């Protein structure tokens, strides 16, 4: 417990240092603290898959941090500025975009993310999909006026396409959630230049919905589609709530997940980028297909008799308060959208 507390506090510390810093060296320090704090949490189970995942994560994050430091140092060399908001040199901007894309898992630097989520526990996967993506996203927001819109748009559309396409043939739920994360990152990045506030709203709602799904899966110890099929016979109310949460993550009205997609398409249309808005809206249909498959497995399908996983005879029927609150917020927040949008 003491070690877990230290690592959790280090995660909070690293995130706080990065999002509150003006100097590139401090931002880099925060990212490194984050990386070193999450590594023991990934390798906690001592399973070979977990050790492999932590090694991969360390190598990818170290490479990305080196690139980030190199881009900020080269910008300081050319302009004499170490301020995060003063990133103006074109080469430094491209290097920074590459470094942050690698940290986030954007296409074409996405290969590590599904493998690492598959090797981690459900709660560590939740940290990797939400909290660990917050500091790099904030760095992108701070430098957004200097970044290349064409490059970001191409990466965003590629992420939305690949996230939806690769999620179609997965049976492991953690891998499906990883490709879902890549797809949602595409939505966040495509609007970054035009409305950074919308990127933050999308990130918050994505984190909320993903947390609700991971907490639900953790309470039923569900890792595969075949295990998900037996949820309805054990906890029908939780299975129905999981179905609604998955549809919210897919972005179906009148659930909460519809809000960011609706606003992003509206903003892109205002910026006269109708083709881009249409493309990313059509690509989200791929993601909708596998969310519907998950929802179908959770609520309608009963498993066949020859199930090759261990039966869970004694399931914990109690649902904790945090899971209930997260599910409620991730499905019923749409009526409060005018209040959310007026927050400065």
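The backbone N, Cα and C atoms fix where each Cβ goes, and this holds for glycine too.
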Given ranges 36-56, 57-77, the stretch to which TrEMBL attaches the annotation transmembrane segment: 57-77
The transmembrane segment (150-169) in contact with the transmembrane segment (57-77), cutoff 8 A, at least 3 CB pairs, sep 6+: no
PLDDT averaged over every residue in the domain 'NADH dehydrogenase subunit 2 C-terminal' (288-341): 72
